[in-house]
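When I checked Swiss-Prot for this same protein, it listed these features:
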BINDING   S10, G11, K14, T15, K16, T236, R283  ATP binding site
BINDING   C801, C1121, C1124, C1130  [4Fe-4S] cluster binding site
DOMAIN    1-278  domain 'UvrD-like helicase ATP-binding'
DOMAIN    281-586  domain 'UvrD-like helicase C-terminal'
Amino acid sequence: MGAEFLVGRSGSGKTKLIINSIQDELRRAPFGKPIIFLVPDQMTFLMEYELAKTPDMGGMIRAQVFSFSRLAWRVLQHTGGMSRPFLTSTGVQMLLRKLIEEHKQEFKVYQKASDKSGFTAQVERMLTEFKRYCLEPEDIRRMAESGTASEYRGERVLSEKLHDLSILYQQMEKSLADQYLHSEDYLTLLAEHIPLAEDIKGAHIYVDGFYQFTPQEFRVLEQLMVHAEHITFSLTADKPSYEREPHELELFRMTGKTYYRLHQKAKELNLDITYKELSGTERHTKTPELAHLEAQYEARPAIPYAEKQEALTVMQAANRRAELEGIAREIHALVREKGYRYKDVAILARQPEDYKDMVKEVFADYEIPYFIDGKASMLNHPLIEFIRSSLDVLKGNWRYEAVFRCVKTELLFPLNEPKAKVREQVDQLENYCIAYGIKGDRWTKGDRFQYRRFVSLDDDFAQTDQEIEMENMLNDTRDWIVPPLFQLQKRMKKAKTVQEKAEALYRYLEETDVPLKLDQERQRAEDDGRIIEAQQHQQAWDAVIQLLEEFVEMMGDDEISLDLFQQMIEAGAESLTFSLIPPALDQVFVGNMDLSRMYGTSCTFVLGANDGVLPARPDENGVLSDDDREWLKTIGVELSSGGRERLLDEHFLIYMAFSSPSDRLYVSYPIADAEGKTLLPSMIVKRLEELFPHHKERLLTNEPEQVSDEEQLMYVVNKSVAQSFTASQLRLWTREYDISDVWWSTYNVLMSEQDRLQSKKLFSSLFFRNEVKQLERSVSRQLYGERIQGSVSRMETFNACPFSHFASHGLHLKERQFFKLEAPDIGQLFHSSLKLISDRLREQKLDWRDLTKEQCELFSYDAVERLAPKLQKEILLSSNRHYYVKEKLQKIVTRVSGILSEHAKASGFVPIGLELGFGGKGPLPPLTFQLKNGCTMELVGRIDRVDKAESSKGLLLRIVDYKSSDKGLDLAEVYYGLALQMLTYLDLSITHSADWLGMRATPAGVLYFHIHDPMIQSNLPLGLDEIEQEIFKKFKMKGLLLGDQEVVRLMDTTLQEGRSNIINAGLKKDGSLRSDSAAVGEKEFDLLTKHVRRTFQEAGEQITDGRVSIEPYKMKNKTPCTYCAFKSVCQFDESLEENEYRPLKAEKDKTILEWIKKEADGNEHS
């Protein structure tokens, strides 16, 4: 029995020596005793490939490459150690989730933390660490109870942590005893079964690529030393460490410590020990500067490198994106100009998660094949999401979010249906469910989904053919979504045990054809060359089956709730990872500086060399803190390295990365993150400057104009990248900056290609201005027709912003509807409630002034009850919260009807029209305009309320409009066409009064009635009558009145002098109007109505002529963009030269009337 220790610095040729030795052995005796090459998991593929490509051998039987886990499987298969099933990390996490729920009341520290996401995984990692370091549950319990830990900082926190962990550890071992094996037990079993393994006896074993070993692994190595014929240990170190452990500040502390322990064990076993120390740097024979870096990295003081050097490049970038794109360009240059293959290039990062997603995006753009080393989570795979969301549907009472998470995995889609069509149907159904608030038994009960595009609270319309077609499609889509999930729900309710629930879930997957659908996706991915994706589909299905099998194996007969079942499935799913091998040989390797292993790398890029990243700051996200670990170490408990030791080992990891390439090393760092926050360079960059004082940093930039013309050529990598950078350079040229001739040449090449449509579209965007051209008359006619029928509010929308009108009425764009009660819905309810009360009064031959308080309450209650089922898809009946809202609305309607009754008692005006229609089937004709361009425009709508009164002037009419917001009539808004409704309604009523009422009427005014439930604030105590009086004042109507005292007295018969409590007017002692009254003369009313008509005429002509410009107004701080639904469509941006608000000047009513009079005079003379 013998042991050889092979020692040398990085690049000295240790691995190559081992491979040569194995190859020589294979040539000498192809069928001799076994040769075992033991390496880390990440290195097995590389070493197998290196041995397999030996030119003069057609294959190998004698030599095999193993990791510890693969060696364990091999030995245990041959020696009978596989009698009990192994539980993977996934199975252990599911078991732990169950144990946590069962024992959380016994915890001292982790009662609350145990419910948090990720806790199960942290505990599993901790218990795995205990196993790796050969600590039994009893050891942990003893430490918790001994009081030793409690001395730590005078607190019992560590003791209580160990108490909680010992409970879970003990219960886990109890659950596994004699039935299953923890995934970490394989090494313990391996050590026990090596004496029985014939393959080990007489074997030659080579151990390479490791920096350190766990106690479990040391036990295995001890048995290998005892039973193998010869074992060779290869370790990266500057000298043998057989007399003492190295000092903790030495660069090779980690490997030196490992060397010492292995050497001591070999001595204990009386092995024949030989030593081989490799000096020199075989890897860097052609690159003396890299040899200098390897030799001097840890030297203090450093010896500067005086010669010319090209093998090292330090690069600074503005951000990570610029850094990665610069590296992609450099890789292209290495492959294109220097003759390298992609497989010769490696990219290493200390925090690869900062770059992972960006690597995929950038390398796809630059057409660089790559392989990202490491295991990716399966959580985002459609199958895992399908299972999780399906269980969420059952647990969450069929919330639409969970249902559509499930459906959008596309694993529920009908087999062999066109996916594009099904996706469209699913989107339509999702919009419907969001708008109608579909959840719970509304999915599963037999009632069909009812679809109505337009719903009125006042009228019932028959369904249109389009609505019927949509309704049928929605129900057909629902009919293939619900049955499988509903069947799963029924089976889960019936299932009691874990096995029954697992069977229900598996049957659900089978019945929805998930295996077949995944196989189709796998085949599609293979056909398209997406090899990794194809592997992932197969691995995901295998992982789910294994998860369910382990679940049933562990606790198949246990009765658990659906909630706990889901938690355990979630815990298991969170631990599932893809394990992939490189799908091709010629790829750039992207790895982790800590875990990845490389061999034969020519060029290495080290990314993200920033302060706090390289060397990395240790994190303390584990169950035990660094202080906990340090304390346990002082009492002889060995665990994995704490933060302090990990920080000491960082320089070794950096050294290994820097010495990994044979030809070129690139070190880069960004100076800002994605949010623009400053990032500082690492101390390593400073160290490189000391070692190479003549070296100049390069700048990696995505702005070619910052580098020379020759360097700008590097940006022309391929067509898509060239298009992007050419566009950015031409954009500078449009701003009158000089650009290199490189880009004009590139532009000419791109535009001369046969396939130049994409380039043409891209470059045309350089001259884009966020403007909309006026529609051609023919297009306008196709959109609107020769005869426009619209509403007053539509004209107001046009005057506010022509593009908003075009989006809503030309393109018919609509916002997604949500199942929630909004202000327009409440306003609609108030209007319709007051109409119903008015209709009931008319039926009972009552007047508003006759209403009692009890009648107000009864009528209001009945009105809201009748309307609630029609309002916003029955939202007021959908929940207890909305029932409460309904009661509040009933109280408001009661309050309002009481105020209207009081107003009626104090008024000479009486209602003669409620919800009075004009146009269509209404009693009044539409407001019609013959436009100059030959089109006709009709305005139709409804007037909330028209009141009449008899006076010495004859018949008076006024308009009352119900508003759920406090509003008055702003004549500036009237002038600019933003508030046209009230004067239009008055105009129509007056114009057609002779035909409608039998006599010509005079305008009395327009008033807004604010529907609300006011709160009264007072510094003094008030009696009930005083409170009612204050509330009454809050309902004062605002608007514009005819400036006549008789009219004012008719509107408020209680008014003698002073301000009215009913209208915004008042009388002086002599009976004349107060100056603060909102009143004008009859002539001014005539001017205003004529101005409104002119405004309609102009708007109609502009609409039909095709005006669609992006021109929102701005008056004071008010702009229609604030609540516009189409901001994302027009993309109005005030910072753009062509986008400016249309300024409207706010003036007093007197000034506005003067403007209108001047315009009217001008029109008369023209």
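Positions of Cβ are set from backbone N, Cα and C atoms, glycine also.
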Of the binding-site residues C801, C1121, C1124, C1130, which sits closest to S10 (ATP binding site) by Cα distance?
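For S10 (ATP binding site), the spatially nearest of the binding-site residues is C1130.
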Using a Cβ-Cβ cut-off under 8 angstroms and a sequence gap of six or more, which residues of the chain neighbour R283 (ATP binding site)?
S10, G11, S12, G13, L290, S659, S662
Among K14, K16, T236, these being the binding-site residues, pick the one whose CA is nearest to that of C1121 ([4Fe-4S] cluster binding site).
T236
For T15 (ATP binding site), identify the closest of the binding-site residues C801, C1124, C1130, judging by Cα separation.
C1130
Tell me the Cβ neighbour count for K16 (ATP binding site), meaning other Cβ atoms within 10 Å of its Cβ, over all protein chains shown.
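The answer is 16 other Cβ atoms.
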To see if you understand the setup: which same-chain residues, six or more apart in sequence, place their Cβ under 8 Å from that of C1130 ([4Fe-4S] cluster binding site)?
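Looking at Cβ-Cβ distances below 8 Å from C1130 ([4Fe-4S] cluster binding site), excluding near sequence neighbours, one finds N770, V772, F803, S804, A807, I1110.
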Looking only at the domain 'UvrD-like helicase ATP-binding' (1-278), what is the model's average confidence as pLDDT?
87
Compute all pairwise C-alpha distances among S10, G11, K14, T15, K16, T236, R283, the residues listed as binding ATP, and give the largest one in whole angstrom.
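About 14 Å separates the two most distant Cα atoms.
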Other residues near the [4Fe-4S] cluster site, CB within 8 A of the CB centroid of C801, C1121, C1124, C1130?
F803, S804, I1110, P1112, T1119, P1120, F1126, K1127, F1132
I want to verify one value. Collapsing DSSP to three states, which class is T15 (ATP binding site)?
helix
Given the binding-site residues C801, C1121, C1124, which one is most crowded in terms of C-beta atoms within 10 angstroms?
C801
K14 (ATP binding site) to C801 ([4Fe-4S] cluster binding site): how many Å between their Cα atoms?
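C801 ([4Fe-4S] cluster binding site) has its Cα 76 Å from the Cα of K14 (ATP binding site).
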Rounded to the nearest angstrom, how far is the Cα of C801 ([4Fe-4S] cluster binding site) from the Cα of T236 (ATP binding site)?
73
What Cα-Cα separation, expressed in whole Å, is found between C801 ([4Fe-4S] cluster binding site) and K16 (ATP binding site)?
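Spelling it out, the Cα of C801 ([4Fe-4S] cluster binding site) and the Cα of K16 (ATP binding site) are 75 Å apart.
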Between C1124 ([4Fe-4S] cluster binding site) and K16 (ATP binding site), find the distance joining the two CA atoms and give it rounded to the nearest Å.
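Distance between the two Cα atoms comes out at 69 Å.
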Report, as a single number, how many Cβ atoms besides its own are within 10 Å of the Cβ of T236 (ATP binding site).
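A count of 27.
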Using DSSP reduced to three states, classify C801 ([4Fe-4S] cluster binding site) as helix, strand or coil.
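For C801 ([4Fe-4S] cluster binding site) - judged by DSSP and reduced to three states - the answer is coil.
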Suppose we draw a 10 Å sphere around the Cβ of T15 (ATP binding site). How many other Cβ atoms does it contain, all chains included?
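25, counting other Cβ atoms within 10 Å of T15 (ATP binding site).
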What does DSSP say about T236 (ATP binding site): helix, strand or coil?
strand
